[in-house]
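Annotated features in Swiss-Prot:
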- His14, His16, Lys100, Asp248: Zn(2+) 1 binding site (BINDING)
- His16, Leu17, Arg18, Asn42, His137, Leu220, His252, Ala264: substrate binding site (BINDING)
- Lys100, His137, His175: Zn(2+) 2 binding site (BINDING)
- Lys100: N6-carboxylysine (MOD_RES)
- Asp248: active site (ACT_SITE)
Amino acid sequence: MTQSLTIRRPDDWHLHLRDGAMLEGVLPETTRHFARAIVMPNLVPPVVTGAEAAAYRERIMAALPAGARFEPLMVLYLTETTDPADVRAAAASGLVKAVKLYPAGATTNSASGVRDFDRVRGVLETMAEIGLPLCVHGEVTDPAVDIFDREAVFLERVLEPIRRATPGLRVVLEHVTTRDGLDYVRGGGPDMAGTLTTHHLIINRNHILAGGIRPHYYCLPVAKRETHRLALREAATGGEGCFFLGTDSAPHADAAKESACGCAGCFTATNTLSILAHVFEEEGALDRLEGFVALNGPAFYRLPPNEERITLRKGEPLVLPARIETGAGPVTLFDPGFPLLWHVES
């Protein structure tokens, strides 16, 4: 039985670092294990222009722990006033690696997102021309659509028309939560990929609602039925190159989670690799872990894989704090509900 595994240092292709005191508190949890991350731009105000992305990158670099080797991959927040020329320049400079589509109101800090997709057609056409990926939060915001159906409806109503109207547009369907989303990615050809989170491989909607409300399992897209969770695990561990890790690790202070109207997001940066090693071992797929966390993502983003290696070693249960302290308040770690036996060694 495998007791250790050495792989290329992983990347996180969907990460929330926040800003200010929260950024300073959570950044070390990512840099401890990950070499690069696609950093989400949904700050207040959002990161819309190349200049704003450069300034945010500087703040991230200034907050790095001493000796950390980490490259933030910057993303622009797509709005109806985004300038195609600015997107082109930001991509040409090497600063920006993607543009993020948030349907207005779909998730945390998405009020500036897109309502009229005709108004972003010029940006999308520019992105298709230069090969810059569009990262998509794949949920409709129509209040008539049940929250558990919003991903499947988005594919039909929004994403498919966008892709038909913009040939060559490279798209990442982020944090896929349904079999519908998985099948859409699989059928999308070489310009289509999907990220899978750690927590959606572990929890279904019962974990959030059955026996009491558990706010630290509440995220968007919300976890779905068990049949979808099992399909996600199969996709993550099955060796398909179109799927890769995007944790969507989303820190909120506990006071914002444990309230009458709590924020959406699971904070998984600290223990993601140990959880994933457990999942891949359960599925008899430890040999495919490296592809999921370190190879498939760079291949889609047309970046070289990391040369540095890390080792995961199986041992006694990992002892982690229930929460980390930040200047913005304590942040509770995602609890997978089972002992973590895989330790990460640099």
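Cβ coordinates come from backbone N, Cα and C, glycine included.
In the shown protein chains, 25 other C-beta atoms lie within 10 A of the C-beta of His16 (Zn(2+) 1 binding site). Shown are the binding-site residues Leu17, Leu220, Ala264; the one with the most C-beta atoms within 10 angstroms of its own C-beta is Leu17.
Annotated Zn(2+) 1 site His14, His16, Lys100, Asp248; additional same-chain residues within 8 Å of its Cβ mean position, judged by their own Cβ, are Leu15, Ile38, Met40, Asn42, Cys135, Glu174, His175, Gly246, Ala250. For the pair formed by Ala264 (substrate binding site) and Asp248 (Zn(2+) 1 binding site), distance between Cα atoms is given as 11 Å, rounded to the nearest Å. Proximity to His175 (Zn(2+) 2 binding site), defined by a C-alpha to C-alpha distance within 10 angstroms, is shown by the following binding-site residues from His14, Lys100, Leu220: His14, Leu220. Counting in whole angstrom, Leu17 (substrate binding site) lies 10 from Asp248 (Zn(2+) 1 binding site) by their C-alpha atoms. A gap of 8 Å separates the Cα atoms of Asn42 (substrate binding site) and His16 (Zn(2+) 1 binding site). Here the Cβ of His252 (substrate binding site) has 25 other Cβ atoms within 10 Å, regardless of which shown protein chain they belong to. Distances between the Cα of His14 (Zn(2+) 1 binding site) and those of the binding-site residues His137, Leu220, His252 are shortest for His137. In the three-state DSSP classification, His14 (Zn(2+) 1 binding site) falls within a strand. For Leu220 (substrate binding site), the nearest neighbour among the listed binding-site residues (His16, Lys100, Asp248), judged by C-alpha distance, is Asp248. Sequence-distant neighbours of Asp248 (Zn(2+) 1 binding site) (same chain, 6+ apart, CB under 8 A from its CB) are His14, Leu15, His16, Glu174, His175, Thr195, Thr197, His199, Cys219, Gly265, Cys266, Thr268.
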